[in-house]
Structure formats: structure tokens, C-alpha cells
């Protein structure tokens, strides 16, 4: 009885039960079984798909992207008409998705940061109001906000014909430059005449100059400890040179104002209701999440940091800029990336209000017109997947660049 | 000593002056206002702006609520009767909001199922609830299915029997052969459901005893209700609760798989999680709606609600997996090593040491995923199912109520707000209860 032999260490050869009971082999067994199950499962699905497509007399190819689309897209960034291909329509849709995603990311950040800071304000009533905003938007589905705001956009503003006549019911806002109607918002369109290239060039150069100045100011601060007014100089550089050139050259960049022609406005840029509603709803909804992240980020910096900075004699706004924010940003940035991702993915809900984004073109009209359900949906998923992966790749790269460098 | 004192000092006060009250600006409501609302110029401006904003809101919304109409045939009549909100539409259409197109005389069944939900959830959510209620929890899915979809009890009973069989086998073998017990019981369950259960042998036997509702009167059978007639908040709750309870175990397994040392398992999990997280839910619903039929054997059809539940569950599970992975990663390495040094095997270590701590850390994230899932169920209105948001469309298209907006969407929003806010409050309660660091 006492002479128990340890089989696992002897050279008694390999027995089948070791595959299950010997930890050295068990992991291999499990993995091989999992792999086989996966391959079998995928093969089964693929086999079904092939036989189903064959039964329906369909094949699997993306040739339909080259055929004529035959439907119109009213909101577009590039040239498109109904005689162009489904591929072109998909591209228009993708650009529309990107448009609303970029606009939404910018505004949701602005709204979120303001509301997040206000939630920590010493002012009781402001704190309560921002809490109400955050809870109201976080706890109600974004799709509901989208259709509700779309409904408001259609019902509340006046019709274009209300702007007619000598004593109109409605007037244009912002010195007769913007018309808010129930068909959308008309804003002035910039027109480029001779010499406008110079203005644009000066503007681009001043943006480069802002970054150069920031780099210079940082170097200066590290060497001498002197802090330069980066914000004000940046603000000045952003506006002053370009406006000066514009005035000196005799205003080469003009504005084409929307004008009432017949029963509708013409000229200017027409922002459709669907774009505005989607933009507002996504910004407000995601802004509520951003506000919570900003609040959590600022709270995560321990009070001792602020107090230590204050005891060194640093002024309050510099404490915020130099001590609290750099530390809070490390907590804020990772969830911000996923907020931007969510906003981009939620923009696919445009389908509900008829904004022609990627889901509206490829995922809806093209899919229904061509009957290529499998190809359309798979391509749609692939495009969204690569979009998400690139956003998170950029986000992670930025996160790594601001992360605390530990050794 | 005291003599000298008395001689050198003209007057010594022997009693303390009674404390005078703080100045009027430093007490009561004035102090509170000064500190909390008017502490600086900027704060004063912000406060005044906020008060103005609230005033405007009350000025507009107050009369709107005050002058609301609850009884009217259509919107025109509403507008004639009173100037405010027209809640008559909700008064008229509430059965659709709650039940979709569920047959009117059978509505007590979902209501009963909803009431049973409380005793079923109580032992899971609150540790003070009696443990005996767990039986209700385990039986609830089968009872609720039977109540809501109707038909003979034979089908849910046959499925339940499979689970009981698997459990008995597992119990019998678990003492001696834990691994084999698990494998055998899962195999038994799968084989039973595929071969015997469902439309199979046991159901037929039970039908033979109870009678088939399609042939004539049968015991314990309700009128069948089709899935496309189920809608409203009932559909939201079915989708939400089923997906939440299925997504949690799957999400935990995915998270464990992603952290696993087994390379192949790890990459399968990573691929699944990243794929699902990278695409919008609406595309997955397209898959459920039109694509799933291509990937199944020809002739297979299964219920749209079930297809949606599968997709929503997969979606939520991927997000949950990331939340739980965060919890697993936050645990100190020593916890894993301590479990190893005690000689626990992988599942024991996870069950007894790692998961209780990791899940506790990830509670806020888990509840956030649940809230997100619950809200995302409204997306099914896009694939034309009649959830509360989908119900609004036909009402708006009705000429009686054409033009109504705030009342309908406000009602739906209120429902979601109540449920989601309750969930977030529950997560706070849970965090408080499980807090063990005595800070």
C-alpha cells in the first residue's frame, strides 16, 4: 500500500486517460476539442449558407456594387445622383456617417466637459440642474431622443413660406443669415474668389504657428520655469492673421446668404432636419456619459494634490492646468475613446429618421433593391468593424502618448 | 493673591457674556444661500440664469400639465376641450403600450407572469429574502413562457424535465468524478433537448395525458399567442430580462476565456468580443432578421423574438466580458497565487477566490451594461417589432392622433427612466452592501 507509484513521472508510456487527468496534457485536449468544435460549427454554418444560396438560385458576389443605384440621397458631401452606382451610394453614406460622427464627437465633448465641471460646482442649483441633465439623458434610450428631436424639428419651426411677404410671421436669425425652417436649417455658404488661396494659406500657417509656439513655450518653461500665455497667444494667432489678410486682400472669401425664392430657400448650405436631429440627439446623449467621466476623472485626483500645489503657492487656475488636469486626463481618456466609439456606432440609428448614412444606403435601400442581403449586411459589418478598430487604434495611440511614463 | 488682584484691577467680570447670535448674514437660509448660490460674481450669475431657466420651464410646462385632457376621442377634440397636454391618447391606447396586440381577454396572463417576477427576483437581488423562493426563480422561465405564449404546458414541462435529468446525473456523479459529471450532464442535456425534448417524445407523452389543445379541450393549456402580437412594455421586459440573465454567465465565461492561458480559447474569445463590440447593434439585428435564415439548415424557422434575444444576448455578453475582464485584471497577482498555493484547481479558485472579488469590483460596470441593454431593446422597433417606440408609429399615423408628440414620447421615456434609474440605484445599494474595506 505504501509503495504508491507516481505514474505521471515514470516512463511507463502514455495512457489515454492522461489526456483528461494529467494537467500537462489536459490543456492541449481542451484546446483541440474547442478548435475542432469551432471549425465544425463554422463549417456547418457555411455549408448551410452555401446550400441555402444555391436553393434560392443566388450566388455570393459583390458585383451589385457596380450597378446603377437609382435612388437619390438628399444630404451628401460628394457629387452623387441616382444614375451612379451602389458603390458610390455606399461611399456617400459612409461619408455621411463620418460627418455626423465627427460633428457629434466635438459637440459631445464640449457639452460633457461643461456639464461634468458644473456637476462639481460649489453652486447648489447648478449642481442639481446638471445632475438632472445627466440622469435624464443617460436613462432614456438614444433612439427615443433621436425620433423626439426629429419630431420637434419638423413641428416647431415655421414653414419656409412664413418668411414671405412684407410683414412675415417668421424672420431669419443672426442678422438675416440663418433661416430655421421645418425643412431644415439654411446657413451661409462661403464663396471663394481670386486670392482666397492666400487667406486659407495664412490660416493654415497660423495653425502651424500655434503648435510651434506651444512647443516653444513648453521648452521655455522646462528651461527657465517661465510660463508664457499659451492660450491667449494661440487664440490671437488663430483669428488675427487670417482676418487681417482677408481685409487687406479685399474680402476674397465671401458668404452666399440663403434667400427666399418662391416657396423655399435657395443658396447657402441646407442642413437637413435629419442631420440636425441626429447630431443634437447624439451629442446630448453621449454628452451625459462624457460628463460622468469628466466628473469621475476630476474626483479621482486626490485632494492632497490640490492642497500640495496650493501650499507651494501656485494660483488656483494654474493648479487646475498644471496639477489636476494632467492627472485627471489619464483617467478620462480611456472611457472617452469608448464614448466616441459608441457615438459612431449609435449614428447607425439614423435609419429611424431617414438620414442617409451607411446603414441607410448600403444597409437599407441597396440591400432591399438588390436583394443581396448576405453581401450587404456582411459588408456593412465589415465597414463598421474597421471604422471602430481604427478609432480605437487612434485612441489607444493618443492614450499611450499622454499616459504616465513609468519606469 | 485675590486681594492684590482686586486692588489692582478695577473690574473683573465673573460670569461669561451670553453668546450673541451670529449676524443675520451668517445664519439660516441667508448663510446657505450665500455659501451655495451667491459665493462669487460668477456663481451669482449662474444661479440667476438657472433660476430663470427653471422659471421658464415651469411657466411653460405647468399649464401644459394643469390643463391636460384625459378623456377625448381624438386630438381635435382634445384641443377644443383644453389648451394643455392631450393625455387622452394614452388613456385610449394604454393596452397597446403595455401589451402590444396581445388578445384583450388573455391579458391577465402576462400580468400574472409580471407579478411572479417579483418573488422570482427577490432571492437573487436581496440576500434577506427567504432562500426557499429560489425554487420560484428556477421555475419562473418555464412558467412565464407558458403563461405568455400559451399552448399546452407539455412543451415547457418537457424542457424542464431535461434540466432536472441533467441535474440529477450531475449530482450523482459530482462527488466522485467532478469533471466527468459536468461533461456527462451537459451532454445529456444537449442530447435530450435535440433528440427527445422539444417536439419530441416526452412532449407527446405529456400531451397524451393532458390532451392536445389543437384537437379539443385539454388540461393546463391556454390559447396560443403568436410572437408578432406580443409588444409594448411586455416585449421590452421579455427581451431585457431574458437577455440580461443569459448574458451574465456567458459574459463571465468569455472574460475568463480571454484571460486564459489556453491560446486557442483565448483568441476565440478575443475575436468574438472584438467583433461584436466593433459593429452597431442594428447590424446584428439585421442578421437576426434576415441573415440567420441563411445560416441554418433549409426549412428551419424559429421565432423572431428568440432570434433577437440571441443577438442582444451576444451583444451584451461581449460588453460584459470586457467589464469583468477589468475586474479580473484589477485583482492583485497574489490572489491568484494564493489560490494556487492552497491547491485549488482552476474552477475552484475562480469560484471561491477570484470571481467573488472581481465581480464585486465590476458591479457598477455590469449594471451599466444592463441599463444599456435594456435601453437598446427599443432598437427592435427598426426591424418592425412593436416595442413601445414601435407602437408610437401607428398611433402617429392614425388620423385621430396625427400631430401629437410630447405626450407619447414622454410616456415611453418615463417608463425607461423609471426602470433604468431603479437599476442604477440598486447598483449603489449593492456596492454599499458589499463594501468590505471599511473606509
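Yeah, the Cβs are placed from backbone N, Cα and C, and that goes for glycine too.
What TrEMBL lists as transmembrane segment is B:37-58 (among others).
The transmembrane segment annotation in TrEMBL covers B:108-125 (among others). Residues 99, 102, 131, 133-134, 136-137, 140, 143-144, 147-148, 150, 222, 234, 237, 241, 426 of the same chain sit 6 or more residues outside the transmembrane segment (B:108-125) yet have a Cβ under 8 Å from a Cβ within it.
Per TrEMBL, transmembrane segment is recorded for B:132-148 (among others).
Feature annotation from TrEMBL assigns transmembrane segment to B:154-173 (among others).
The transmembrane segment feature in TrEMBL is assigned to B:180-210 (among others). For the transmembrane segment (B:180-210), the residues of the chain that approach it from at least six positions outside its boundaries are 152-155, 157-159, 161-163, 165-167, 169-170, 172-174, 218-221, judged by C-beta separation under 8 angstroms.
Summarising the annotation, TrEMBL assigns transmembrane segment to B:230-256 (among others). Outside the transmembrane segment (B:230-256) by six or more residues, the chain places 96-102, 110, 114, 117, 141, 148, 269, 272-273, 305, 308-309, 312-314, 316-325, 328, 350, 355, 359, 366, 369-370, 373-374, 377-378, 380, 385-388, 390-391, 415 with a CB less than 8 A from a CB of the stretch.
The domain 'ABC transmembrane type-1' annotation in TrEMBL covers B:233-427.
Per TrEMBL, the feature transmembrane segment maps to B:268-292 (among others).
The feature transmembrane segment is assigned by TrEMBL to B:304-324 (among others).
Summarising the annotation, TrEMBL assigns transmembrane segment to B:365-386 (among others).
If you look at the transmembrane segment (B:406-424), the same-chain residues 6 or more away from its ends with a CB under 8 A from one of its CBs are 85-87, 89-90, 97, 233, 367, 370-371, 374-375, 378, 388-389, 392, 395-396. What TrEMBL lists as transmembrane segment is B:406-424 (among others).
Nonlocal intrachain contacts for the transmembrane segment (B:132-148), taken as residues 6+ away from its ends with a CB within less than 8 angstroms of a stretch CB, comprise 109-110, 112-113, 116-117, 119-124, 155-157, 159-160, 222, 225, 230, 234, 238, 242. Residues of the same chain lying 6 or more positions beyond the ends of the transmembrane segment (B:268-292) and with a Cβ under 8 Å from any Cβ of it are 254, 257-258, 260, 304, 307-308, 310-312, 314-315, 317-319, 321-322, 376, 379-380, 382-383.
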